[in-house]
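Read through the structure below, which is laid out as structure tokens, and then see the notes.
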């Protein structure tokens, strides 16, 4: 009888484990190497380069940057509050070149929670009001019949709701309704995995905070819908959508237990795929690295409801400098076929150059022009050969033959003989 009881207890434990998404420990040296990639970014303290996501996710990781971390938060507060509050009721933006977007404001609010702060006082109320106005504007753009689109994206819409929820600020039911409608199975459009994951995190925060009680049943159903969508999006290799949407998807799945072994199995498979991608050097972009670090520490944005600011974290040390090797010259073909006349040119650059380096060299050679805009994930193209991307258009990067690139112009490094195409596409 005692053995039967022990067996039933063991089966119960295994069953409970199967219901949750757990990521087994990853080699600490690999995690530290990832964190070291962020240190140079933390020296970039201009408003254009400040990235609240770096601070948030470092605080949720097992790593710390000491005084560099403190200076970064101070610079965030100085830059964001002066820029956003200084221009809140004025047309004069002063030194605010590249004023933070509302998505960046939402991330800034997450950064405050990561430091165990709530927005308070007159300044805090203004920031909250700005974010609420942004959500109201997006709600109107979507329309009463839901046939419109947000000016930014449903990703930023969900991020805005999440940020307010983490600061215990309620949003109107009608604002939540737009995100619920977009993610419900009968009338949802095509939303990326990271958009679904961000919406799922927002819904999870609302549910755990007991906000919008009149929508509780729909919120619970939406969490289930998002979980099903993400699990169905798992690739044969194990990624959810693609390698770069997997960390945020895992953040959501870690907050969303379900009966049976499917969830646990899917998360273990994703861990194997992520580990392979890490070893291949796929994570070089600061934003992508920062979203991965909390997952490797078994943390999510939902932990910011009750953040632990006293948890021990390992001090990051700068990576040892490597002796530069003599670099060979490679040839990369750059082409733009979606414009008339088409452009096609072979460009010689150093091995290890990025697409951005190729674009700069093409511009120096003449006959090619382009413009970029800064974002939290790095620069992106807004104009090529004088043709600016219009509303709901963007300049896509492809590797011949017809393979869309997941990395941006500052991250992807073409190999010798590759052809890179810039294509204007609609979405």
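Yeah, the Cβs are placed from backbone N, Cα and C, and that goes for glycine too.
Annotated cob(II)alamin binding site per Swiss-Prot: 104, 152-156, 190-194, 242, 245, 291, 395-397, in sequence order, evidence recorded as similarity to another entry. What Swiss-Prot lists as disulfide bond is 21-267, 116-309, 165-205. Marked as signal peptide by Swiss-Prot: 1-18.
Note: residue 396 (cob(II)alamin binding site) has non-local neighbours 404, 422, 423, 424, 425, i.e. same-chain residues 6+ apart with C-beta under 8 A of its own C-beta. Under a cutoff of 8 A between CB atoms, and with a sequence separation of 6+ in the same chain, the neighbours of residue 116 (disulfide bond) are 307, 309. The two recorded residues residue 154 (cob(II)alamin binding site) and residue 165 (disulfide bond) have their Cα atoms spaced 16 Å from each other. Long-range Cβ neighbours of residue 104 (cob(II)alamin binding site) (same chain, at least 6 residues apart, Cβ-Cβ under 8 Å): 52, 80, 376. Comparing residue 245 (cob(II)alamin binding site) with residue 267 (disulfide bond), their Cα atoms are 14 Å apart once rounded. Separating the Cα atoms of residue 190 (cob(II)alamin binding site) and residue 165 (disulfide bond) is a whole-number distance of 25 Å. A straight line from the CA of residue 267 (disulfide bond) to the CA of residue 193 (cob(II)alamin binding site) spans 15 Å. Residues near residue 205 (disulfide bond) in space but far in sequence (CB under 8 A, at least 6 apart, same chain), listed by position: 161, 162, 165, 166, 211, 301, 302, 305. Residue 21 (disulfide bond) sits 17 Å from residue 193 (cob(II)alamin binding site), taking the CA atoms of both as reference points. Secondary structure at residue 245 (cob(II)alamin binding site), taken from DSSP and collapsed to helix, strand or coil, is coil. Sequence-distant contacts of residue 193 (cob(II)alamin binding site), defined as residues of its own chain at least six apart whose C-beta falls under 8 angstroms from its C-beta, comprise 229, 230, 233, 240, 241, 242, 245, 246, 248, 249. Neighbours of residue 190 (cob(II)alamin binding site), defined as other CB atoms within 10 A of its CB across all chains, total 6. Taking the Cβ of residue 165 (disulfide bond) as centre and 10 Å as the limit, one finds 26 other Cβ atoms among all the protein chains shown. According to DSSP, residue 104 (cob(II)alamin binding site) is assigned to a helical segment.
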